């Protein structure tokens, strides 16, 4: 990925302009194993990808590497089984203070020896928007081939780029049609539209309007290397203790890195691990459990048969021993074997569920990929056109706009009503207060004439009648 004003911008521009295209095309057509496209088209055509483990897993499969998957890491302290490497995504801001601290720290561990650089796969990112593929290849092409089946495309790329400079390796990646097509097949339509509007001069690794960058951490010859395509050299973080795993060294390096980065209150990053396909280990374990289940079940049947023969007095009542492939050569009761068989059945059921869950995850990866890459523009435009043709679009728009107006109108009406009620209440109170002296004068005059104020039943009944009428 290119950061705004990043160091690889000039290189990417040179590639886009097709500089040295003839020599590189002639050199790399063999590496790709296919007829190369014009270099400018390949360099300009790489699209931005989201940081998603499902997307990366499917991308690895499209590269031809089938026995690998990518998982997101949420807890650094949680152990991870047999990782090939880690991919770290962070927001790239060149002038950020924390970024300068990281640069000052990593500059001391640059590996500048050309022979050492040529012995590993380290490629400079000279093609915009290719950082996701660069990060994956930096892990895969530095793994032991005995432990990982790379597939034809990656094997050819690794073979034919051996001994090349980091810049030429970056050009080899950008000029491999299989990699470019697989990469772009997982991009969102927005990424293509953005590329068409702005060109290839600006690069980021997620369609967020900001620059994000991937770097890889991988163990090579007992040393932890950090491979960043925007750096001029690979970085060697050193080895680890004999009693440690390489992931322990990685945790310490990453904890220090995150401590520097989060000092600026910026925690927008994520960490992914490249690991073996979990389904392979589960399938192998299921095979072993089913073999043991068959052995225990067969031994139990023989034991029960021997017990029956012993009780009937026919044949040899000697109990068979459990085969040495499962347990020590000693006699077991039928109850022991039944308990062991029950545990095996439980383990088999658990692992079958785990395998089903992994298969469901792969299915959801494909569903999410279809949703992510599908272009809904035509559907939305056609749908809105049909609504307009039927004359209901304006009504639907009004229905969605009017509620807000109604709410604001009702609020104003409520305020006016409240003010009117308050004014009426105030007027009534004032009127009542004003009539009080007049009522007192009438009562005083009645008392002077010898009449009791209470002897006015007609007026009181009239008031009560009015209340009844109101009811």
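All residue numbers here begin at 1 and follow the chain in the order shown.
Placement of Cβ uses the backbone N, Cα and C atoms for every residue, glycine included.
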Given the ranges 267-286, 287-306, 307-326, which one is assigned the annotation region 'Disordered' in Swiss-Prot? 307-326
Within 10 Å of each Cβ, count the other Cβ atoms and name the one among the active-site residues 131, 213 with the highest count. 131
Counting only residues 6+ away from its ends, which parts of the chain sit with a Cβ under 8 Å from the domain 'ULD' (375-403)? 189
Between residue 131 (active site, nucleophile) and residue 213 (active site, proton donor), how far is it from one CA atom to the other, in Å? 7
In DSSP terms, helix, strand or coil for residue 213 (active site, proton donor)? strand
Can you check how the pLDDT averages out over the domain 'ULD' (375-403)? 85
